[in-house]
Amino acid sequence: MECPSMTTVALTTVYVVLGAGRVMLMRLSANEDHKYDYLPVTVNVCAEAVKLVVCLSIMLKLEMSGKPMFKEFIQFSWPECLKFFKWSIPGLLYFFDNLIGFSVMTFFEPAVAVLLGNFTIISTSILFRLILKRKLSRVQWASLLILFLAIVSLSNQDHRSTLKGHHHTSDSLDSIDNATLYEVEILQKRHAIPAVPSDLCHRKLRHTPEPSISEASKYSFTVSFGHVLIVVQCFLSSFANIYNEKIFKEGHNEDGIYMYIVQNTRLYTFGVIFNTLTLFVIPNFRNRVFYCGMFSGYSWYSTLLIFATAALGLTTSLILKFRDNMFHVHSAQVTTVVIISLSIWLTGFQPTLDFFLQMPTVFLVIIIYNNSHLPAEPLLTPRMRYPSESTSRGQENSVRKRGTSVSEELIELTRMDEEDETTSVEL
């Protein structure tokens, strides 16, 4: 068995540390009610901006050393413009993926969320089959079915976290309702109030009472909006990674690392655009930023989350550029184990017996799936394709060779007889 290189080990380690750290910071940055006192979209804006600044700084340094980086980044021909704008597709997909991730954390504990996130394997396999026409073996299809059933069973074991986040979707993204902001705006116009009171930015939205645990336990299975978000996020993430890997590999032979910087700069440019537009298009977001500031409600955890998200994005792009999407999926499985361990230690997560039984089932199914690929088809040669024809040709050639040798022997004997007759006549 071939040992992984130091680069592979280092890349996996960095990805696991950053991936686990990002998920835990998302959980720790929420308050005791599993809500966010800050706008999650501002974290995404800042993270995309950090990644863009890093890439632009590297491009500037390479430009000063004589490498025409900015000329490669911006070209005004029509084909190059199309090549530039195709990066808007993964930028938009990652925008929704990152935003949904915050809402998922309000429905589930991190350990449960990352295990449910293994649905990405199912969505990736389906998209591979539909888009790339890759075939799966029967064992792999059976593994996907078992994985789906295990995830469904696992998702119902944590009633408390599901019910706790059942009403958090809207107020996890903003904490000021339109009515309150409208009243404040009227007061500002009438009485020239210079600023909004600071406590206004921390008011909670009114929400309907949540059902009790005893009431919910009457049902054998509870499907929350969080389950829908998990499925949507997995398909968005899978499609974004597949598409991103495809366009990343298009420049693989063109000065690898230089093209990687240019491609990332294009991707993060659209990431900044989409996330920033959200702050202006959605009224609640716009009002929150205008009255309370962009960094209202931030803590040390949310600040660290910005840099963890940025570093994880750069690492993921490295994997998709120089490795592949399956390497990314396998690294995510290691991240799952780390997050479960950290959840028990940091957040007081108490797994049930069902959780301990379902968790190894998920991992075993993933191992079976990864070791059940269809055998590669051998390269067929003409002899393998037409054995009867090649055999008959070989027999025909051997007959011809034997016939040629016999005729040569007859000619030699005839020549010798003629020489003997000539000699006798002369005598």
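Glycine is no exception: its Cβ is also placed from the backbone N, Cα and C atoms.
Among the ranges 87-106, 267-286, the stretch that TrEMBL annotates as transmembrane segment is 267-286. Among the recorded stretches 7-26, 38-63, 219-243, 298-320, 332-349, the one sharing the largest number of Cβ pairs closer than 8 Å with the transmembrane segment (111-132) is 219-243. For the transmembrane segment (219-243), the partner stretch with the most Cβ pairs below 8 Å, chosen from 38-63, 139-156, 267-286, 298-320, 332-349, is 139-156.
The transmembrane segment (7-26) makes no contact with the transmembrane segment (267-286): fewer than 3 of their CB pairs lie within 8 A, with pairs spaced 6 or more apart in sequence.
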